[in-house]
Amino acid sequence: MSVPPPERAPDAPVRVPVRQPYARRPSPWHGQASVVAVVALGGGIGATARYGASLLWPTRQGGFPWTTFCVNVVGCAVIGVFMVVITEAWAAHRLVRPFFGTGVLGGFTTFSTYAVDVERLLDAGHAVTALACFAATPLAALTAVWTASSATRRLLVSRQNARTGRADGTPS
Amino acid sequence: MNWVLVVLGGMAGAPLRYLTDRAVQARHDTDFPWGTFTVNVAGSLVLGLLTGAVAAGAADSRVQLLLGTGLCGALTTYSTFSYETLTLARQGARWQAAANVTVSVAVGLAAACVGTALARLLWA
């Protein structure tokens with residue numbers, strides 16, 4: 001009779017199989033591919049919409065950059081509505097927020113064009129228009145996001161109260 | 001062709017903003033939105049540089065559409081900037097909210113000026 005030879009020397013260190021990569025603590029980048037993909041898709045859509053607006057309403061040289069101003073204010077109002085709806089009313093798919101909030105709205109609105117518009121107005125000697133754009137854009141943007149967010153929240157609360165039969169306006 | 005350049009730039013700029021924001025926010029534990037601040041200032045600097053390059057004839061309008069309108073436009077954001085400011089204010093961090101607005105617009109404008117000046121040095 002034959003005894004099968006041992007596969008390795010009895011004193012050889014025992015190898016514990018290391019499961020890669022799932023045995024490790026999940027990295028913060030785990031599961032990010034789909035998020036990055038929808039952010040890219042949304043960013044392409046948002047940037048295209050902004051470019052379309054700039055072609056429809058071109059800004060005259062030295063004039064107040066109304067198109068960039070309006071794009072930014074509209075984008076801020078929409079994110080005000082969107083964030084309330086997605087956090088308080090709608091259990092949306094996990095990719096909806098990165099697609100629309102980070103991608104579309106982030107790609108639609110622009111900070112760099114705002115800064116460079118002000119710089120160009122200053123450089124061309126239109127100091128008053130430059131100052132107006134510099135101050136009015138953040139003021140209007142913050143007013144838009146705050147008003148839109150508060151109005152949406154009030155609307156949601158009143159609809160909820162109507163559904164639960166509360167007429168006194170106290171949040172349920 | 002112009003539309004394609006803007007789409008491609010936007011498709012690169014928005015994820016670059018998202019990844020930069022995550023990387024920056026993971027490195028500190030305050031509520032201050034340093035990630036958005038970083039992309040807005042960096043994008044303003046690059047767009048200033050690019051606009052200066054186009055004005056000096058060193059870059060053509062296709063580069064402007066791809067890197068300016070598309071990439072820098074989507075890399076930077078006003079909606080997230082104002083939403084994060086609102087969130088800070090609602091959390092009671094009013095000074096941080098005010099600082100976020102004033103520092104972002106001041107440093108963003110300064111970055112655009114530096115970019116344009118740099119372009120003049122390089123190409124004019």
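Keep in mind that glycine also has a Cβ here, set from the backbone N, Cα and C atoms.
Copied over from TrEMBL, here are the features:
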type	residues	note
BINDING	B:Gly73, B:Thr76	Na(+) binding site
TRANSMEM	B:32-56	transmembrane segment
TRANSMEM	B:63-81	transmembrane segment
TRANSMEM	B:101-123	transmembrane segment
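Neighbours of B:Gly73 (Na(+) binding site), defined as other CB atoms within 10 A of its CB across all chains, total 34. Long-range contacts of the transmembrane segment (B:101-123) within its own chain (CB-CB distance under 8 A, at least 6 residues past either end) are made by residues 36-37, 40-42, 44-53, 55-58, 81, 85.
Sequence-distant neighbours of B:Thr76 (Na(+) binding site): residues of the same chain at least 6 apart with a C-beta under 8 Å from its C-beta are B:Gly13, B:Arg17, B:Val39, B:Asn40, B:Gly43, B:Ser44, B:Leu47. B:Thr76 (Na(+) binding site) falls outside any helix or strand according to DSSP and counts as coil.
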